[in-house]
Amino acid sequence: MQAVLDIFDIYLLEAVINGILLGGVLALLALGLNLIFGVIDVTWICYAELVMIGMYAMYFMVQYYGFSYFIAAPLTILLVAILGALLHYLVIAPLLTAPPINQLLATGGVLFVLQSFATVAFGIDFRNLGIRLPVLAFGDMNFSYARLLSFLAALVGMVAVYLFMTRTFTGTAIRAISQDRQIMALMGVDTKRIYLITSAIGGGLAGLAACLLVLQYDVHPFVGLSFGPITFLICVLGGLGNFIGGFIAAFVFAEIISLGGLFSDLEWGYVLAFAFFIVMMFIRPAGLLARRR
Amino acid sequence: MLELRGVNAGYGTFQALFDVDLDVKAGEAVGVIGPNGAGKTTLMRVISGLIRPSRGSIAMEGVDVLATPAHQIVSLGIAHVPENRRLFPQLSVDDNLKMGAFMKEARGRYAERLEVVFDLFPRLKERRHQMAGTMSGGEQQMCAIGRALMSNPKLLLLDEPSAGLAPVVVQQVFELVKRIRASGLTVLIVEQNVQQVLRVVDRAYLIEAGTIRSSGTSAEMLASDTVKEAYLGV
């Protein structure tokens, strides 16, 4: 085994694998945002802030109330799913026919409300779960157990959404609605209900992401800023609303960050990823998988 | 079965229908003919709830259609095949048909209805995994009718089923309508293809500028001078 591994530059291989692990979580984040955009045609600017609220929920349930991680996680997913549905019901639904800029401003407003709420309610301290997961050594490479777990859970979450979208009547309606809104009533579909369900699923995905991110990162009121922008870039790079494009773009981005980080600092990985994004916007402005005209 | 009384409807300030009275009895096939822009499509949309009339009443087997939310009208037994088919182009044929069986009552009988539709349109079974938008116009029309039949309707509304199809395919579509009729389904069909449609239906209404001008059996309509001059070109 060691002989096989020696062929590769061990650090390079480690970075590639870490990139894949990071890509899984980024793909999960992108899926939630893409789902909302693709189906309801609005952009939740405050998407990452829903994740932040979820991370706080995990922190309080585990640290304060002593829940086990595996009980707190489904509760958090449920809580953020309800938040997503509420966001739709209270903010998006009244603005559904409004100009897109108004919808952006409204969800942007929710972003600041959630950030300020977290600041006032929880303070600006960095908090963590206090769960230290072991590091997995494989050959000369080290992998964080938390990352591995997150990757697998993200994958399970995405497969679950895929099965729901392709196997169930409601899932099929969610895919159909973006192709022809007007005739959904002829199918006996209540579009309002489908939008609410879609928003709850989008929120649930943010909740799942929160459960996974809280294993690796401290939570504070502005934690959304560290992965909100990158989630948007991934969605745009993949083509907004394009699930498969978003999935691929997430791994492309993760590899750039991870490999870029290998050759210098991790921060340079992000710079490279953003530079790549700008270049791609000139080459393929409609996204990676857009058809050439 | 279906009863329209004094229906007025339009879009914004534009009025498309004026005091329309129309009846469809169980087991009948009824045609609505008339020129472009006469209000034929509006009539269909009003019945299936896509737009609501400003005045008048619509009853389906005695149930007030106007008091029923649009997405529940299909549960009353009204299935609408819209103008230009309006399939979900990026869903497979299977998924399009699945959407036709969305409502609770139809889900339980999904497999059974699928068999009925595939029996009627063997072509759809061959293409079941193909994206609906990539099929030919005739196949898409089959899929649109099949989707409507998935809900196990009592009344089928067909809006211009022959539009945009090659003449040979138009023939096939009208053959299909005959077969659907033979299965006992009540049909209300809107068409510009007057000669063809009058061979399929029992009765027809002539609509012009949003008003019912005349009505009668197919034979009467074929013999009527107004229809002859304006639509049959004799």
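The backbone N, Cα and C atoms fix where each Cβ goes, glycine too.
Caution: TrEMBL annotation is automatic and unverified by curators.
Annotated features, as they stand in TrEMBL:
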TRANSMEM  A:15-37  transmembrane segment
TRANSMEM  A:44-62  transmembrane segment
TRANSMEM  A:68-92  transmembrane segment
TRANSMEM  A:104-124  transmembrane segment
TRANSMEM  A:144-165  transmembrane segment
TRANSMEM  A:194-215  transmembrane segment
TRANSMEM  A:270-290  transmembrane segment
**Complete:** When counting C-beta pairs under 8 angstroms to the transmembrane segment (A:104-124), the leading stretch of A:15-37, A:44-62, A:68-92, A:144-165, A:194-215 is A:44-62
**Long-range neighbours of the transmembrane segment (A:144-165), counting only residues six or more past its ends (CB under 8 A)** = 18, 20-22, 24-25, 27-28, 31, 35, 133-136, 171-172, 174-175, 201, 205, 208-209, 211-213, 215-216, 247
**For the transmembrane segment (A:15-37): best-contacting stretch of A:44-62, A:68-92, A:194-215, A:270-290, by Cβ pairs under 8 Å** = A:194-215
